[in-house]
Every structure is written in structure tokens, then in C-alpha cells.
Amino acid sequence: MGRLLALVVGAALVSSACGGCVEVDSETEAVYGMTFKILCISCKRRSETNAETFTEWTFRQKGTEEFVKILRYENEVLQLEEDERFEGRVVWNGSRGTKDLQDLSIFITNVTYNHSGDYECHVYRLLFFENYEHNTSVVKKIHIEVVDKANRDMASIVSEIMMYVLIVVLTIWLVAEMIYCYKKIAAATETAAQENASEYLAITSESKENCTGVQVAE
């Protein structure tokens, strides 16, 4: 849960035109038959510098030795290589509407065991300065394991336990507050009743005295 929250926050920051950029590691465990996002984020050192970026993704299947290119994304065009393992399964999920890519993530739909292995996200960036241009390149490496069902990590378990503990504590606090308020209201009601009774007795006693005085005068 904690890691998922970090991914969400990182994606929100990267996708915001005016926001910052946070590099977040990708999840590494994909579930068979499900859609899986491989995260690749490469931030510029200086956000105010204009740049153009393109990426190439390569893949080495588990048990093999060579990397093969599976896609290239440049100028908002996704070019997929002919590879039956990824045919109709790869979807671009990175930056859109800009040549200055910082989020270069992809989706793999309907994951199979053939997608287990090592992925490389190659980031090629051309930086434009006032009097010159500068090329940079970065390689993000991600190892993916495909499993039958999701395994919960320790952070997720701890987060859920803390959530239930917080709910229990808040419930106890709420019950205690209700009991306190009830007792306070009951005490105030009892005090008011006693005061009313005292006033009633005083008035009754005064009335009797007045009646006695009238009878004596007669």
C-alpha cells in the first residue's frame, strides 16, 4: 500500500505540467493474465531547460542471454517491433502532448510467463541551451517476475494493520466521548431537577405559611 501510494504521487507529479518530477522505482511483480505497468521515470536536472526526448525499450526473456528491442517512442509516435510475445499487448502510458518526455512508462496487457525477465528503458535526451545543445542518455533497468497471484509485501500488511488499529482507537475515543457527554448531561439534568424540586418545596412551604397567617387573622 505504501509503495502504491508512492507510485500514485510520483505519477501525479510527473504528469503535472507545472509540478516537479520524482523518480520512482517500478513494481517488479506482475500477475498472470492481468495488466501490468512498468514504470520508467527520468527527470531533468533543471526543469527550466528545454529538451526533446525519445525512448527505446529492450527486453531479455528469463532464461535467455540477449536483449531485443520491443518499442521506440518518439514525437508522440509509438513504434512496436514485430514480436509475438508483445503483439497487441504494449500500450504507451508515459508523457503525452510534449516532446520533453519525463515519464516513459508502458503497460503490458494480458501478461504471460513469457514476459518474465529483464527490461531496459533507454532514455535519450537532447538539451537546448542558449549557445549549444547537449545529448544525454540514461538506462533504467527493471526485472519483472510473473506470478499466479499477487503476493502482499510487508509494507502493505503493516499499513493495513495500522489502519485497523487507528479505526479501533478512534472508535474507543468516540465511545468514551459519548459516555462522558451522556454523564455530563445526566448530571446537569439531575441538578436542574433537584433545584426545581427545592424551589417547589420552598414555594409550597411559603404558601402554607401564608394560608396559616390568613386563618389566624380571621
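Backbone N, Cα and C atoms are what each Cβ position is placed from, and that goes for glycine too.
Source: prediction; values computed, not measured.
Of the listed residues Cys40, Cys43, Cys181, Cys40 is the one Swiss-Prot pairs with Cys121, by disulfide bond.
Per Swiss-Prot, the cysteine from Cys43, Cys181 that shares a disulfide bond with Cys21 is Cys43. According to Swiss-Prot, of the candidate residues Asn135, Asn210, the site noted as N-linked glycosylation site is Asn135. Just so you know, of the glycosylation sites Asn93, Asn110, the Cβ with the fewest other Cβ atoms around it within 10 Å is the one at Asn110.
Per-residue pLDDT, averaged across the domain 'Ig-like C2-type' (22-150), gives 94. Across the domain 'Ig-like C2-type' (22-150), DSSP helix (H, G, I), strand (E, B) and coil residues number 3 helix, 64 strand, 62 coil.
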